[in-house]
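Here is the structure we will look at.
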């Protein structure tokens, strides 16, 4: 959509430059009336006359020198027109590079969001596994304590049997 608008603006600018050249070539002999951007023949505004085209027209009106002599010099006019077209093309390429960069950044953001979701899922799974292991560890620690108690009783009974005490068998 942006590219189509840029191409339309370029075509309009080329028409304007060609109309200006035709008008200056026709000179005072009349006949050809220049077509201005955003305007049809007779100077009536088209619907395409936007703030941008009005601002561009104001810049063109203010950008030249005060003397009309420079406008009469075809070499200077051609040089200025080439520079304007070159500047437009440079601006278009700059906007295109900016859009490519923005698209790359958006793709990078999307990839980072995808990786973030994967990492969050892994953290959740590891957290659940950790809770299972903690519960198992608690159970094993309790069993260890119970076995140590039994071991102490057995050891005590074993010592009594070794010492010849008869009632040591009753645990």
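Keep in mind that glycine also has a Cβ here, set from the backbone N, Cα and C atoms.
Just so you know, TrEMBL annotations are computer predictions that nobody has curated.
Because the structure is a prediction, the values reported are computed rather than measured.
Taken verbatim from TrEMBL:
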type	residues	note
COMPBIAS	1-10	compositional bias 'Low complexity'
REGION	1-99	region 'Disordered'
COMPBIAS	17-38	compositional bias 'Low complexity'
COMPBIAS	41-54	compositional bias 'Basic residues'
COMPBIAS	55-67	compositional bias 'Low complexity'
COMPBIAS	74-92	compositional bias 'Basic and acidic residues'
DOMAIN	77-140	domain 'BZIP'
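Residues 6, 9-10, 13-14, 17, 20, 24 of the same chain, all 6+ positions outside the compositional bias 'Basic and acidic residues' (74-92), place their C-beta atoms under 8 angstroms from a C-beta of that stretch. Taken together, the residues of the domain 'BZIP' (77-140) have an average pLDDT of 97. Broken down by DSSP into helix, strand and coil, the domain 'BZIP' (77-140) contains 64 helix, 0 strand, 0 coil.
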